[in-house]
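A.B. asks: This is the structure I want to talk about, given as structure tokens.
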Amino acid sequence: MLLRTASSFSLLKANADHILPLPNSSSSGIIRYSQSLGKNLVPCATKDTNNRPLTGVVFEPFEEVKKELDLVPTVPQASLARQKYTDDCEATINEQINVEYNVSYVYHAMFAYFDRDNVALKGLAKFFKESSEEEREHAEKLMEYQNKRGGKVKLQSIVMPLSEFDHEEKGDALYAMELALSLEKLTNEKLLNLHSVASKNNDVQLADFIESEFLGEQVEAIKKISEYVAQLRRVGKGHGVWHFDQMLLHEEGVAA
């Protein structure tokens, strides 16, 4: 769309219709003046006789898109959606997917332990099962984002977790919860590293994704499990563990 100069104002003359260009102006406006009203000039609107377009086109889509068309891959194996997505960011996301799956696997092992008939701490079993599912959802969310940006998901091996969580001094509940707190802090470090990689590669979209989907939630999880650890340290290994377990059993949304 072309912009044209607005119509200029002019001054009327009653008995004569002299037309002069605007003084000290490069515009094409005119001045009409009159003496019928004394020496005062009466301003009025008049149409410019020379409607010249302004220069400076903001956006020329068909010209600018030419360079983008050259970037669209023609090889069948190449992603069509990929744009400003570095190999470094792609690899780090695959590493984070592996972290989330490994943590999920450990939590699932904890769920299986506390669900045993000779342990029977159903609240802790519920907590770690929900935590395992949440970490798996995190991994899947990262996989979806990887595909969205045109990267390739490469799943890596998962380490076999422990099957026994009883501790001679701390007991099983406190030991497992302290382990969970360590895992959440480790996951947070990995997420911060992923955010750092995104920033170094000027990938604002990846940085925003990590900030909005993971970092805030991770802080909340660390706070919640820290409180659980503090409470279990107070109750020791005795009857208080059962009361703590009942609290988790009847609490909604207890997963980290």
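Glycine residues also receive a Cβ, built from the backbone N, Cα and C atoms like all the rest.
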A.B. asks: If you look at how Swiss-Prot annotates this chain, which of 50-82, 182-214, 215-247 comes out as region 'Extension peptide (EP)'?
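C.D. replies: Of 50-82, 182-214, 215-247, Swiss-Prot gives region 'Extension peptide (EP)' for 50-82.
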A.B. asks: If Swiss-Prot says E135, H138 bind Fe cation 1, which of E95, E100, E169, E178 does it name for the same site?
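C.D. replies: Swiss-Prot names E100 for this Fe cation 1 site.
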A.B. asks: Write down the Cα-Cα distance for Q218 (Fe cation 2 binding site) and H138 (Fe cation 1 binding site), rounded and given in Å.
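C.D. replies: The separation of the Cα atoms works out to 11 Å.
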A.B. asks: Count the other Cβ atoms sitting within 10 Å of the Cβ of Q218 (Fe cation 2 binding site), across every protein chain shown.
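C.D. replies: Excluding its own Cβ, Q218 (Fe cation 2 binding site) sees 20 Cβ atoms within 10 Å.
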A.B. asks: Rounded to the nearest Å, what's the C-alpha distance separating Q218 (Fe cation 2 binding site) and E100 (Fe cation 1 binding site)? Just drop the number here, would you?
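C.D. replies: On Cα coordinates alone, these residues lie 12 Å apart.
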A.B. asks: What are the sequence-distant neighbours of E100 (Fe cation 1 binding site), meaning same chain, six or more residues apart, C-beta distance under 8 angstroms?
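C.D. replies: Looking at Cβ-Cβ distances below 8 Å from E100 (Fe cation 1 binding site), excluding near sequence neighbours, one finds E135, R136, H138, A139, L142, T187.
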